[in-house]
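The structure under discussion appears below in the form of structure tokens.
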Amino acid sequence: MALPYWLTGTEEAANTSFLRMLRRLPRLLRSAWLLAWRADRRTAGAVVVLQIAAGLAGALGLISVVGVFDGLLRAGPTPERVAAAVPSLVILIVALALRGLLASAATAAHGRLSPAVYEAAENRLLDLTTRVDLATFDDPQWRDAMERARDRGIYAAQQVVDVGIEVLTHVIGLVAVAGVLAVLHPVLLPLLVCAVVPTGWAAVRAARAGYRSRLRYIAVWRRHRMLADLLAAREPAGELRAFTVRRFLVAEAARLLRLATVEEVRVVTRAVRTNLYGRALSGLITGLTYAALCWLLWTGRMELAAGGAAAYAINIGIGKLSELAFAANRVYEQGLYFSDFQGFCELSETRAEPSSAEPSPAEPSSAGPFVAGAAPSSAGAESEPRAPAAFSELRLDGVTFRYPDADRDAVAGISMTLRRGEIIALVGENGSGKSTLAAVLAGLYRPQHGTITWDGADASRFPPESVRERVAVVMQEPTRWPLSARANIAIGRHDRPASLAQVQASARAGDAHDFVMELPRTYETLLSRHFTDGADLSGGQWQRLAVSRAFHRDAPLLICDEPTANLDARAEHEVYRRLRELAQGRTVVLITHRMASVREADRIYVLDHGVVVEEGGHDELIAAGGTYAQLFTLQASAYQST
């Protein structure tokens, strides 16, 4: 099948050389170990100590085997030979028992360490994912990197730690085997190593092929997962059935899965063939190793007792080398995916917004939870500039913003002034840049050109979180958080403890209190039918809950992006009445396609392809007969009798 265009961007990364990736393994192991150390220092240290001790006990047992063979196969009566072997046999038994105890203790410590490593890795990924600026989410390469890190990278971080410790254990055992064979006869050691090299080579080659395949097809898996999630979700279920698109979408999901399946079968077939060659060659060299041992015994170059010990050591050594090769391959394989995790973390660190001090809870204003001036002050304000708790004037001068990989500006050269107590309306057709401009005002996007000032202070000098603390946003499609109704409102200002009375006041302001009181457990009702005793809301109810959340945030700048899109006429009227009241003492930016709602705005800005083409009051713009007048007249005509 032909490779879709949206997969070609990963081809270069998939062809990274084997040696380059191999050189990264020590750094990956070190990074994984640091992750384990930070996750649980005591347990990580215990695992290493116990594994080393178990390996040393195994080495002691192997060395004692030589003494057992030497005692049993020497000349003399049988009782004397058995008696001569007893001391070494006792050491062997004690060593094996000790190794078993230490290995069990190490396994128990592993059981505690592995979840801690996984938890630390996932927490780090989520922390970085939520710290990057919003524009990063519009970068498809970053999203693919995030998908790879989430898909296998977190698990690989855990596995690299576990398998890395196994490698250490096998190396200790091999040192003992190598020491025994080198003493018995030096020719046996290189033959033993050569016997395992083909198997290790084949395993590493197969792992590399699997990783390259996964890297090249990550976009296929991501698209399939997104589509499969939509087909299984409740929200799109109605539209899916209403448009009778089930067969089409299921077929598309099957097509994507088929693409991935064909590739997976190809990789598995190639891996089987590669491993077959490697194992066949390893088997041949193993046979040559035993043949060499027989030749040494036949020619008298090695005593029978030494030959018995050598045969045992070779058997143990081949097993240890095979285990080491397998473990090293797993480190290599998981290291490839862990490198995705590390790469994503490094990439996200470069795009993470500057951290700022956590805001300190503020006392609510005496007039209620959504009165101007009640925005919280922030800890650390003395040490770094922060956005003012309130402002008289917010000015944009030549502001330009372009999305990643876009070929034109989303907003270009925007200049406007927003004053305290005003309602500002942004009007324009779809794609005119209204929502993007609102996101820039909210501090979600940082413009590439131009300045935004709060009472003359350049907002680019403020930490992004400091700006957002002063802004409340009502999204066009608010997030339906699977929390209680109370928490869905209170998270508007989560850093400030809120009583039920304050939450209820915000709900009344957003016209949500009445329907919340009708829920099974009122404000404590979990708003998700995915869980027992959960409840769902209509689109309009979710919208009113989002408005209540914005009121509860109590910020000097309120941005409403289609705040009444899902509301009926009565609820819409009530929300706009409350917005007009709220504008006293703060600034409201209103984005809506319902032209009647902007008539009472103090100023209206009309956007077209990211540029302000008209500005003024309603009457002024109607008289001008431009874009605003056309849009208003067109919409009003639907309500006029013919």
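A Cβ is built for glycine as well, from the same backbone N, Cα and C atoms used for every other residue.
Copied from TrEMBL, the annotated features are:
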COMPBIAS  353-386  compositional bias 'Low complexity'
DOMAIN    394-634  domain 'ABC transporter'
REGION    350-386  region 'Disordered'
TRANSMEM  44-69  transmembrane segment
TRANSMEM  81-102  transmembrane segment
TRANSMEM  160-181  transmembrane segment
TRANSMEM  187-207  transmembrane segment
TRANSMEM  276-298  transmembrane segment
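Outside the transmembrane segment (81-102) by six or more residues, the chain places 50-51, 53-54, 57-58, 60-61, 64-68, 70-74 with a CB less than 8 A from a CB of the stretch. Below 8 angstroms of C-beta separation, residues 33, 36-37, 85, 87-89, 91-92, 95-96, 98-99, 102-103, 105-106, 109-110, 113, 161, 165-166, 168-173, 175-177, 179-180, 305-306, 308-309, 312-313, 316 of the same chain, each at least six residues beyond the ends of the transmembrane segment (44-69), sit close to that stretch. Along the domain 'ABC transporter' (394-634), the predicted structure has mean pLDDT 85.
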